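Only one structure is covered here, and it is reproduced in the block below.
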């Protein structure tokens, strides 16, 4: 076995054996594979500073011999199996005279090899290379410059970007194949781990493309994040500075449509907070409500029912339920319908409340939920017929009056045990809480004013009426101000 064979085949290099081979064989002898024992050695996982110095002691060419595919420095910087040891070995080669700008026969440059190796592309090592005179205007065989190469690695740090930009690296390089700019390249490579500080930095450097292409790209990136279940509020805030929350793609899907399809609850809630329209219809004729029902997503369905839903959206969702009940004798459908019974009843209850359309047209729904449907209709009609001071209890309960007064408590309490009891209970809880705060403030003002003040001469009901005209925030603020 010669030196080349030993370096290629040994499970682990032994210092003494390697030293003996180096005394006999030339470490720069070119093989039929266009590499040398030295270049092959640098690809191993167990390179150490001691064995490298042994090669250097034997006068090995640190810039590589003519005919090799790449330079020794590029080989070390590309060897991820070495981990942090690659940094030490590279510094040793540079101290021994390796050219930091040597371009190998394969077209690679040391700086680009360093930047794509996420094990060692630290800010300090990049600074070290720049201080040693490495050029930052080089291009790889794929046409990518230093920043584009760095952004594709797994270890992207804002400080390193600052170092490269200050050194003169171009931030306006375009992807040669697809025409992506640097910002877009970063987002493609880091769908799961985008850093909003880097996004803002790149955008602040004037990185941009045509408005239409940028909007399409941002929408695609958002859809990928949703499909992966990645949620980062700051990154989403950045994306929605580029596109609208109701942006539609070529298939008329909006971001919230994709959230429902992929069951991404966090982004779904975020978009509703931002004012996304759940009633937008895609080219397949689906909106968020019927998609949520199709997926059996109870959480999203109940959240959507708190929003304003159009009659068409209700109709599509009810058709889904109607068909599911029709298919109840099919394999697995009875279990599916039973499991989502609560969700179906919530949708039916909301439809009867909001729509003038008849539920009876969905004959399978009516047959399956007959008692519940009749109860909802009876209660809705009773609320509309129950009037106090020209205001129906239906308008009071479902938020069609500016403010619910304490006088409504007795009337709406009789609906607590009905189909819409949960809504009534929520209203009563808020009224009792407000009553407590009002009562507390009235008594505190009375104690504060004493017996000689005009406030104490007012009738008690007038005092309560005055305080009751304040909203909850004003009552809390006034109490805290007086209590301070």
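Start at 1 and count along the chain as shown; that gives each residue its number.
Just so it is clear, glycine is given a Cβ too, placed from its N, Cα and C backbone atoms.
Annotation comment: Swiss-Prot describes 33-64 as repeat 'ANK 1'. Summarising the annotation, Swiss-Prot assigns repeat 'ANK 2' to 68-102. What Swiss-Prot records for 106-138 is repeat 'ANK 3'. Feature annotation from Swiss-Prot assigns repeat 'ANK 4' to 142-173. Residues annotated as repeat 'ANK 5' in Swiss-Prot: 178-211. Summarising the annotation, Swiss-Prot assigns repeat 'ANK 6' to 251-280. Annotated repeat 'ANK 7' per Swiss-Prot: 284-313, in sequence order.
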Overall pLDDT for the repeat 'ANK 1' (33-64), taken as the rounded mean: 91
Three-state composition of the repeat 'ANK 7' (284-313), taking helix and strand from DSSP: 19 helix, 0 strand, 11 coil
For the repeat 'ANK 5' (178-211), the number of residues DSSP places in helix, strand and coil: 18 helix, 0 strand, 16 coil
For the repeat 'ANK 6' (251-280), distant same-chain residues with Cβ under 8 A (at least six beyond the ends): 219, 222-223, 225-227, 229, 231, 233, 236, 240, 245, 286-289, 291-292, 295, 297, 299-300, 303-304, 307-310, 312-313
The repeat 'ANK 1' (33-64): DSSP-derived helix, strand, coil residue counts: 14 helix, 0 strand, 18 coil
Within the repeat 'ANK 4' (142-173), residues counted as helix, strand or coil by DSSP: 15 helix, 0 strand, 17 coil
